[in-house]
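The following features are taken from Swiss-Prot:
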type	residues	note
ACT_SITE	Asp204	active site, proton donor
BINDING	His4, Glu179, Met180, Glu181, Ser203, Asp204	purine D-ribonucleoside binding site
BINDING	Gly20, Arg24, Arg43, Arg87, Val88, Gly89, Thr90	phosphate binding site
SITE	Arg217	site 'Important for catalytic activity'
Amino acid sequence: MSVHIGAQEGQIAETVLLPGDPLRAKYIAETFLEDVELYNEVRGMYGFTGTYKGKRISVQGTGMGVPSMSIYVNELIMSYGAKNLIRVGTAGGIQEDVKVRDVVIAMSASSEMGQNRVRFNGMDYAPTATFDLLHRAYMNAEKAGIPVKVGQIFTADQFYQDDFHHFKKWADFGCLAIEMEAAGLYTLAAKHKVNALTILTISDHLLTGEETTSEERQSTFDEMIRVALDTAVEVTN
């Protein structure tokens, strides 16, 4: 057991999907996995292990934001030996050609995250996805006929910003979407020499105001999940 995850040794697979919402973790496990075992419900942050296409896969809720996500990622890696970490989450679109419900694969993540400012003594670090995971995810989406966009995103520290124009600068420099975890995930993966990828569904749009419901965010977005799972089985022993 670790501080925030109540699993025993061997209960968590080497490849873990990471939704922020613990209820999305439950949905993924119940909808897509077979032989499912609940290994964690500490603080209501559900974690499950099951099989998908014959391979053991885990899914662990992380909560919102880099600080919460970092707790679970550190423990998954250091206490349970996770090797492949795939975030499946939602984001806000900030480009006109990125529509609500589109799937976005995050090649890299700019950020305003305070953790890296402290970690790198004020210098800038460029957190990026593991290319092997990114390439496999893109090819799996192509094979399944699921249109995806690949590019840079922005990881925000605040969900509610004082100034919307703060995001316009990132859009001007090509960021596709805004979310709250990817830069932290990619940084920790690099530190611990494991693999990481972020696959997102656009749940709302900062330019048009279009948005999905909380129920839809919790229990749909199946295209993103299928791409993540098909990628997971390819890198799982």
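Here the Cβ of each residue, glycine as well, is placed from N, Cα and C on the backbone.
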Close recorded positions near Glu179 (purine D-ribonucleoside binding site), where close means Cα within 10 Å, chosen from Arg24, Gly89, Asp204, Arg217: Gly89
Pairwise CA distance, Asp204 (active site, proton donor) versus Met180 (purine D-ribonucleoside binding site), rounded so that it is a whole Å: 14
Among the phosphate-binding set Gly20, Arg24, Arg43, Arg87, Val88, Gly89, Thr90, as the record gives it, the longest Cα-Cα distance in Å: 22
Those recorded positions, out of Gly20, Arg43, Val88, Gly89, Thr90, Arg217, that come within 10 angstroms of Ser203 (purine D-ribonucleoside binding site) at the Cα: Gly89, Thr90, Arg217
Between Arg217 (site 'Important for catalytic activity') and Arg43 (phosphate binding site): CA-CA distance (Å): 21
Largest inter-residue Cα distance among His4, Glu179, Met180, Glu181, Ser203, Asp204 [record-listed purine D-ribonucleoside binders, Å]: 31
Site with most surrounding Cβ atoms, counting all protein chains shown within 10 Å, from the binding-site residues His4, Arg24, Arg43, Arg87: Arg87
Recorded positions listed as Glu179, Glu181, Asp204, least Cβ neighbours within 10 Å: Asp204
His4, Glu181, Arg217 screened against Gly20 (phosphate binding site), Cα within 10 Å - retained recorded positions: Glu181
Which recorded positions sit within 10 Å of Gly89 (phosphate binding site) - Cα, from His4, Glu181, Arg217: Glu181, Arg217
Position of peak Cβ density within 10 Å, selected from the binding-site residues Gly20, Gly89: Gly89
For Met180 (purine D-ribonucleoside binding site), the number of other Cβ atoms found within 10 Å of its own Cβ: 26
Candidate nearest Arg87 (phosphate binding site) in space, where candidates are the recorded positions His4, Met180, Glu181, Arg217 and distance is Cα-Cα: Glu181
Integer Cα-Cα distance in angstrom, His4 (purine D-ribonucleoside binding site) to Arg24 (phosphate binding site): 18
